[in-house]
Amino acid sequence: MASGPGSQEREGLLIVKLEEDCAWSQELPPPDPGPSPEASHLRFRRFRFQEAAGPREALSRLQELCHGWLRPEMRTKEQILELLVLEQFLTILPQEIQSRVQELHPESGEEAVTLVEDMQRELGRLRQQVTNHGRGTEVLLEEPLPLETARESPSFKLEPMETERSPGPRLQELLGPSPQRDPQAVKERALSAPWLSLFPPEGNMEDKEMTGPQLPESLEDVAMYISQEEWGHQDPSKRALSRDTVQESYENVDSLESHIPSQEVPGTQVGQGGKLWDPSVQSCKEGLSPRGPAPGEEKFENLEGVPSVCSENIHPQVLLPDQARGEVPWSPELGRPHDRSQGDWAPPPEGGMEQALAGASSGRELGRPKELQPKKLHLCPLCGKNFSNNSNLIRHQRIHAAERLCMGVDCTEIFGGNPRFLSLHRAHLGEEAHKCLECGKCFSQNTHLTRHQRTHTGEKPYQCNICGKCFSCNSNLHRHQRTHTGEKPYKCPECGEIFAHSSNLLRHQRIHTGERPYKCPECGKSFSRSSHLVIHERTHERERLYPFSECGEAVSDSTPFLTNHGAHKAEKKLFECLTCGKSFRQGMHLTRHQRTHTGEKPYKCTLCGENFSHRSNLIRHQRIHTGEKPYTCHECGDSFSHSSNRIRHLRTHTGERPYKCSECGESFSRSSRLMSHQRTHTG
């Protein structure tokens, strides 16, 4: 087909646009990835010797980048080893799944293996669904097929790309030099175009990314149908955004149409001959599935008798580019959309719809051509937003699904790019993709479900190679192995004390900060540990469980009951020392007391060999060797090795004098000073 003056003018505009885009991309500096571990990893792998002034600087730079990537001060040796193994594992994956797994950023080897196994199962199931009916027939798919899989089919053919080619016949009808078009034919094609299914088959589309481009044949093939009810439920800002994105999408399709060779599909009319289009067969590249009338829908005949499916309560509204930009005014004859609060919208009359469908008549109205964008080929049929791959489109379409579910309900948490949208959406549907069949508990990720199911099966696949103990989670195994290796990776930045577990470090840091996050709701007293709060709360529960007739007291558990009961009945405590007759309420107190008689000192200092009868005395003694002073004054910054010394020091700031003389009433901050003062009264 010869190109007219209008076509040459469009090619000139295309060249100018490409040069402008290239200049703009050259002027913009590359964005700084920042100091995150991922950025350091990327810089570490791409570092070149020429970037440094010399070998010493190159080595120093590599050490700095590797340190920023692996974070040895925060990770253990096992975690660093697992990170390196995970990187190599992702590198050796097959090309068809490597990029998809890397985009999901698995945090452990176990999670990466689970993702690869899921993808392999889905790819195998896809290959089984490809049905070949002989040469020259179509490939019918229940789901979009990756390009690599489609190429294996004998019926999938790719024609060589032509260097110079005029637009396709259907697009030429819209963009041709003649502004006169048959509005009746445009309306027929628009109304007969199939509706895109919003929901993909359950559990398949999210894991399958379309690697090949999927292009519509012409502008009418990507006309989007939105019911007036759905359009009315959108707020003004979202309507404006939809218009902008639809216009951008049409411009992309316009620029792509002239570069893609057409593929004739049997049974589908792409010209102007007036033949019927068969809606029961879809082209593989369109990515559409055949659809018949669903329950509650009825067929209607268009002007040439082509059947199309439409819901009885939804009027299809075709968003052509001029309407998407808001340049085509809504006349009283055509009607205009109202807000959902009014609820009195009526479909436009037959003649008005015909005029609206014939509104865009020239290439100028479709916007300037843009450069070929192979990474934006998947259009949302509801808002017109463009996506680089099919999995992102499916994930985006669930937003519209949730909007339909939440009409009339307060579901504002779904919008605004909430990262937990998928979980909220599944909660609205009353089901989740990953559900435990034993207890019914639902999870947002398959790896979480696998970890949970081990609580039912009792499976413990992670075994310690030293003692043979098994664990259900890899993290629990790493934590256990520190008891054998003596590793203590968590260090207190204040005093330098090291710990094997992060929870112990957090508990220790409260000594320095004075934080007491556990507060009693009865009296307001705060505690640094939850166990201390539990013990304290029992003092407020006097009316519970075990009342006494002798003293009217009540205790919260059976152990104090037995102790108090023995004090009332036998006038003695439960644990009595056979040597001196002294009694104790707890067995551990009796054991500690008996060491004063036996002279036993089971706790030995490894540095000087001195023995102690109590573990607390050994810990206090070891601070003499280490010089550790974990107790810091927040007023002046002084540090102390014992908590009692810090408490005594704090009284110099607060002015507290808790020791009072019973003779004259004078108060003192230390008990030793009170004792010295009392000697003045006794002589």
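In case you wondered, yes, glycine gets a Cβ from its N, Cα and C as well.
Values in this document were obtained by computation on a predicted structure and should not be read as measured data.
Database features, via Swiss-Prot:
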- 230-246: compositional bias 'Basic and acidic residues' (COMPBIAS)
- K17: SUMO2 cross-link (CROSSLNK)
- K157: SUMO2 cross-link (CROSSLNK)
- K285: SUMO2 cross-link (CROSSLNK)
- K299: SUMO2 cross-link (CROSSLNK)
- K376: SUMO2 cross-link (CROSSLNK)
- K573: SUMO2 cross-link (CROSSLNK)
- K582: SUMO2 cross-link (CROSSLNK)
- 41-123: domain 'SCAN box' (DOMAIN)
- 217-289: domain 'KRAB' (DOMAIN)
- S166: phosphoserine (MOD_RES)
- S178: phosphoserine (MOD_RES)
- 147-185: region 'Disordered' (REGION)
- 230-301: region 'Disordered' (REGION)
- 322-368: region 'Disordered' (REGION)
- 378-400: zinc finger (ZN_FING)
- 434-456: zinc finger (ZN_FING)
- 462-484: zinc finger (ZN_FING)
- 490-512: zinc finger (ZN_FING)
- 518-540: zinc finger (ZN_FING)
- 575-597: zinc finger (ZN_FING)
- 603-625: zinc finger (ZN_FING)
- 631-653: zinc finger (ZN_FING)
- 659-681: zinc finger (ZN_FING)
By DSSP, how many residues in the zinc finger (378-400) are helix, how many strand, and how many coil? 11 helix, 4 strand, 8 coil
Name the residues of the same chain, 6+ apart in sequence, whose Cβ is under 8 Å from the Cβ of K582 (SUMO2 cross-link)? E576, H593
Do any residues of this chain, six or more beyond the ends of the zinc finger (462-484), have a C-beta under 8 angstroms from a C-beta of it, and if so which? 76, 78-79, 108, 110, 451, 454-455, 500-501
Check the zinc finger (575-597) against each of 518-540, 603-625, 659-681 and return whichever range has the most CB pairs under 8 Å. 603-625
Rounded mean pLDDT for the residues that make up the zinc finger (434-456): 84
Pull the DSSP breakdown for the zinc finger (490-512) and write it out as helix, strand, coil residue counts. 11 helix, 4 strand, 8 coil
Could you put numbers on the helix, strand and coil content of the zinc finger (462-484), residue by residue per DSSP? 11 helix, 4 strand, 8 coil
